[in-house]
Amino acid sequence: MSRYGLQQLYINGAYVDSTGDDTFDAVNPANGEIIAQLQSATVADVDRAVIAAAAGQKIWAAMTAMERSRILRRAVDILRERNDELALLETHDTGKPLSETRTVDIVTGADVLEYYAGLIPMLEGQQIPLRDTSFAYTRREPLGVVAGIGAWNYPIQIALWKSAPALAAGNAMIFKPSEVTSLTALKLAEVYTEAGLPAGVFNVLTGTGQSVGQALTTHPGIAKVSFTGGIASGKTVMANAAGSTLKDVTMELGGKSPLIVFEDADLDKAADIAMMANFFSSGQVCTNGTRVFVPQALQTQFEEKILARVQRIRIGNPTDEAVNFGPLVSFPHRESVLRYIESGKREGARVLVGGEPMTDEKYAQGAFVAPTVFTDCRDDMKIVREEIFGPVMSILTYQNEDEVIRRANDSEYGLAAGVVTGDLNRAHRVIHQLEAGICWINTWGESPAEMPVGGYKHSGVGRENGITTLEHYTQIKSVQVELGEFRSVF
């Protein structure tokens, strides 16, 4: 028997068996251990989840704002009480260091849920005077049943980012986690039920995007889809959503984000920021600043500072709390990252450090890739143009501000961007010209609940977090009231 056994689907407030027989394995990428088997949902399971969600949503939406708020706040308390337990499960499933999952994944996810729980009472309409005898008012009403489709890099955090505003607005959600990292989403469903969420309001269906994801995005009973993943999959989701019932969509589709270091920057700070923007979570962060632009005159100094910091990375067993760099999420993903590294070598980028799989006995059983820094990179290189989603930094040099802005924007992506400079006038001037939805000045990577997150161009549609996201899980109903006589022209 595997560590976590056989995992069922979660529908209508309880674990239930799939109507099909297919299962798949959850694998710990640190050592290759099969830690669980998960049932694959079928189209019939999607149908029954939609039925359960529609029934539960009516109960949930009929509650007062304060009642819904109290239930979600209880869920926040439970998440925080179980932080360490959930963090260990996330570490086993993703390979992320325990030092990270204990302090980031559940903590920040719970923060988002607490934020939206507090906003529920502010979901209100307007009263609009028209004339002495007539006025109009608006109501913000929930969409109904919505779907969330998660990515594998932040499983429980993404499940909370998607479910928190949806539930706060009075909707029910059917969530499909990535088949690579599904375990904590099921635990989140347990937490919601324990907190008092009505049955059917949060359901979890495990399985592949080709089967479960396809069924969710085309189902006529679903009003909106929130998706995190790649561009190709996002286009399929959008086409399915439009071709079925004109569903609303929110999508975060990754990035190849520029980090611009200016000549007046504190180079130690710039190097620290570049390290966090490339190697946190083993480089598996959508917003990573993987195109690092430095003035040509400072290239050697900057490389020396990066090289010194790479030596301080603590690689190892992710359950060791001293470790801050674990394996990649899966063995197939490791092979993908290694192919990109070989591409960089072939195209003439110089390897400053790393560039190899980690095959020592200590790492041989896991999906480890050494932290890698390429320098002397060109804009046309594959490693510079495509999202690698691994611990690979590309250093590029530039001559002047106009040039670096133009090159930073030369990408199909537009998720994030950042500048490091001592001149705040320049910082704002440059940021205002960068084509990216999330920008940082003299920092990198923080995504607080209050701040909308999303991309320009092919990096996505819509936003997550912030007040605007809550509003987009509602629809506005306008009502006109006539207090006087009605006069017909007929």
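Every residue gets a Cβ built from N, Cα and C, even glycine.
In Swiss-Prot, the NAD(+) site is described by Gly150, Ala151, Trp152, Lys176, Pro177, Ser178, Glu179, Gly230, Ile231, Ala232, Ser233, Gly254, Glu387, and among Cys286, Cys439 the residue recorded at this site is Cys286. Long-range Cβ proximity for Gly150 (NAD(+) binding site), meaning a same-chain Cβ under 8 A and a gap of 6 or more residues, is found for Ile158, Ala159, Lys162, Phe175, Lys176, Pro177, Ser178, Ala185, Thr228. The Cβ of Cys286 (NAD(+) binding site) lies under 8 Å from the Cβ of Ala151, Asn153, Thr228, Glu252, Gly254, Gly255, Leu415, Ala416, each of these being in the same chain and 6 or more residues away along the sequence. Among the residues Gly150, Ala151, Trp152, Lys176, Pro177, Ser178, Glu179, Gly230, Ile231, Ala232, Ser233, Gly254, Cys286, Glu387 said to bind NAD(+), no two Cα atoms are farther apart than 23 Å. Sorting the recorded positions Lys162, Lys457 by the number of other Cβ atoms within 10 Å puts Lys162 first. Under DSSP, Asp248 (site 'Seems to be a necessary countercharge to the potassium cations') is assigned to a strand (E or B) in the three-state scheme.
Annotation: Ile231 are the recorded positions among Asp93, Trp152, Val180, Ile231, Asp248 whose CA atoms are within 10 angstroms of the CA of Gly460 (K(+) 2 binding site).
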